[in-house]
Amino acid sequence: MLCRLASAGRSSAKLIAPLGCLVSRQKHTLPDLPYDYGALEPHINAEIMQLHHSKHHATYVNNLNVAEEKYKEALAKGDVTAQVSLQPAVKFNGGGHINHTIFWTNLSPNGGGEPKGELMEAIKRDFGSFASFKEKLTAVSVGVQGSGWGWLGYNKEQGRLQIAACANQDPLQGTTGLIPLLGIDVWEHAYYLQYKNVRPDYLKAIWNVINWENVSSRYATCKK
């Protein structure tokens, strides 16, 4: 997947393994938001969204391009030591690019409420109720130590939904095997300017802007 990280849901095992594709790759670019920076107010303010997207996500993209260029040079030289030493940078910045590309589409100014259709039925089957699911994902996200993400993912082998947490920018699929459906960024840069250090308040607010149409579409796609 490293050739096109914008296809943000593939494994980081695939993200690191086929690095030969770097020879002819295109540079990664910052995706546009599907809404204005202030569109998620009052739940997430415009200042946070602008900094989060145009600074933090942009930094992951830039650093990923730098790491890939260095990796390309290491490949050309046959320098395996350099290739190995660059993999953490590829994982961190590649994961940051993957995770945020998903995150922006998981949010919407017209979001909130509850999902419908097959996704709702799956949530009820695997968690008992939507309320129980919401409580569990919130608790896992609150409990992330330091920086990381809370996720709703799909276990393709078992055919069921699962909740997981990932540290730092570790991509969900590459570190757990789960296909990402809904990610909640709990790095402080995602909420501190508005919610200070009270992560639970941010997590309470973010449910008002969850784009269930996007999550449902991801669920339908990964079941095929």
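Using N, Cα and C of the backbone, Cβ positions are placed for all residues, glycine too.
Curation does not apply to TrEMBL; its annotations are automatic.
Among the features that TrEMBL reports, domain 'Manganese/iron superoxide dismutase N-terminal' is placed at 27-108. Note on the domain 'Manganese/iron superoxide dismutase N-terminal' (27-108): mean pLDDT across this stretch is 97.
Of all Cβ atoms in the shown protein chains, 25 besides its own fall within 10 Å of the Cβ of Asp185 (Mn(2+) binding site). What TrEMBL lists as Mn(2+) binding site is His52, His100, Asp185, His189.
Across the domain 'Manganese/iron superoxide dismutase C-terminal' (115-218), DSSP classifies residues as 54 helix, 24 strand, 26 coil. Marked as domain 'Manganese/iron superoxide dismutase C-terminal' by TrEMBL: 115-218.
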In this structure, which of the binding-site residues His52, His100, His189 has the fewest other Cβ atoms within 10 Å of its Cβ? His189
Can you tell me how the residues of the domain 'Manganese/iron superoxide dismutase N-terminal' (27-108) break down into helix, strand and coil by DSSP? 59 helix, 1 strand, 22 coil
Within the same chain, and leaving aside His52, His100, Asp185, His189, name every residue whose CB is within 8 angstroms of the centroid of the CB atoms belonging to the recorded Mn(2+) site, in sequence order. His53, His56, His57, Phe103, Trp187, Ala190
